[in-house]
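Below are the features I grabbed from TrEMBL:
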TRANSMEM  20-42  transmembrane segment
TRANSMEM  48-66  transmembrane segment
TRANSMEM  73-90  transmembrane segment
TRANSMEM  140-157  transmembrane segment
TRANSMEM  166-187  transmembrane segment
DOMAIN    195-310  domain 'Phosphatidic acid phosphatase type 2/haloperoxidase'
TRANSMEM  245-262  transmembrane segment
TRANSMEM  269-289  transmembrane segment
TRANSMEM  295-313  transmembrane segment
Amino acid sequence: MRLKNIFTLDKRPRKGLLALEWVILGYAVITLLVVLFCFTKLENPEAMIWGRVRLAAITLGLWAVYRLMPCRLTEFLRVAVQMLLLGWWYRDTCDINSLFPNLDHIVATWDQTVFGFQPALVFAERFTQPVLSEFLELSYVSYFPIILTVCLFYFFARYKDFEKCCFIFIGAFFSYYLIFDFIPVAGPMYYYPAIGMENVAQGIFPMIGDKIATHWQMMKTPGWTDGLGYQLLADVHEGERPTGAFPSSHIGITMVSLILAFRTRNKTLVLMILPFCIGIFFATVYIRAHYAIDAFAGLVSGALLYAFWAWVAKRKVV
């Protein structure tokens with residue numbers, strides 16, 4: 001793509017919202033209904049309502065900017081802002097799923113049954129090499145850079161498929177958020193401290209109700225404390241919440257990224273992100289963000305969500 005094309009006005013500009021914006025607004029309406037029906041049970045429902053109003057206003061404002069200057073740059077801006085707001089929506093799932101009892105005891109029991117131990121506990125204890133921990137932790141924090149890399153490649157090298165690419169990403173993200181809203185699993189780094197490490201060691205996984213939602217603490221991140229990956233991961237965890245463990249959206253969205261990269265048939269793009277994609281699969285368990293079952297569920301769900309949203313896109317939605 002030539003640089004001047006980014007600023008060239010579209011001869012036939014889109015009049016309505018992008019398909020991905022409709023997905024976001026649809027999710028906002030669904031969760032708004034949940035907030036309204038459960039208003040008295042939520043800790044801060046007013047903030048949740050006004051948050052949705054503000055994000056809807058931002059979406060309409062970006063649409064208005066595009067209508068005033070319909071070009072590739074303003075279209076990219078519409079998509080980029082929605083991507084930046086994903087963190088807000090993710091944290092919001094923690095507020096919604098606090099309505100329901102925590103289910104970590106079920107997933108931890110699955111891990112114990114399948115593997116005979118807790119991979120999330122043993123992995124980091126057995127493998128303490130600085131090189132390994134650095135690679136895994138750098139892989140984990142490369143999650144959003146991978147998504148950005150794939151989206152930018154489509155924007156500059158496959159522009160006709162750019163909106164479809166971002167639509168699939170957004171569709172997959174909000175599918176996971178909808179799951180997280182109603183299946184509250186916090187992950188080992190929250191559940192283990194909540195039940196006590198002596199219970200974890202003995203394979204005892206009690207129900208804890210809403211304890212994590214109201215009084216949660218995070219396990220210390222394993223690994224080489226002086227490493228760059230460790231420091232970056234610590235920064236990422238500053239905004240973390242006890243939500244979104246099952247299935248692993250980290251792995252699911254990484255799978256979507258990898259499939260989209262393969263679809264370009266660009267070997268450089270694939271080889272650039274592939275090592276980090278593989279690293280993310282192991283890193284989620286290594287840093288105790290996910291149970292091993294979460295990781296495998298992420299692989300399967302990621303492939304299925306890609307197939308579903310790609311199918312939706314083909315139905316002339318995008």
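Cβ coordinates come from backbone N, Cα and C, glycine included.
Please treat TrEMBL annotations as automatic predictions, because they have not gone through curation.
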What else in the chain is close to the transmembrane segment (48-66), if you only count residues 6 or more beyond its ends and a Cβ gap under 8 Å?
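Here the qualifying positions are 13-14, 17, 21, 24-25, 28, 31-32, 35-36, 42, 74-75, 77-78, 81-82, 85, 88, 92, 95-96.
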So how many of the residues in the domain 'Phosphatidic acid phosphatase type 2/haloperoxidase' (195-310) end up helix, strand or coil by DSSP?
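Counting residues per DSSP class in the domain 'Phosphatidic acid phosphatase type 2/haloperoxidase' (195-310), I get 76 helix, 0 strand, 40 coil.
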Do we see three or more Cβ pairs under 8 Å linking the transmembrane segment (140-157) and the transmembrane segment (269-289), pairs being at least 6 apart in sequence?
yes
Counting only residues 6+ away from its ends, which parts of the chain sit with a Cβ under 8 Å from the transmembrane segment (20-42)?
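For the transmembrane segment (20-42), the list is 48-49, 52, 55-56, 59, 63, 78-79, 82, 89, 92, 95-96, 98-99, 163, 166-167, 169-171, 174, 177-178, 181.
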Which one, 73-90, 166-187, 245-262, 269-289, has the most C-beta pairs under 8 Å toward the transmembrane segment (295-313)?
245-262
Averaged over the domain 'Phosphatidic acid phosphatase type 2/haloperoxidase' (195-310), what pLDDT does the predicted model reach?
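Reported value for the domain 'Phosphatidic acid phosphatase type 2/haloperoxidase' (195-310) is a mean pLDDT of 92.
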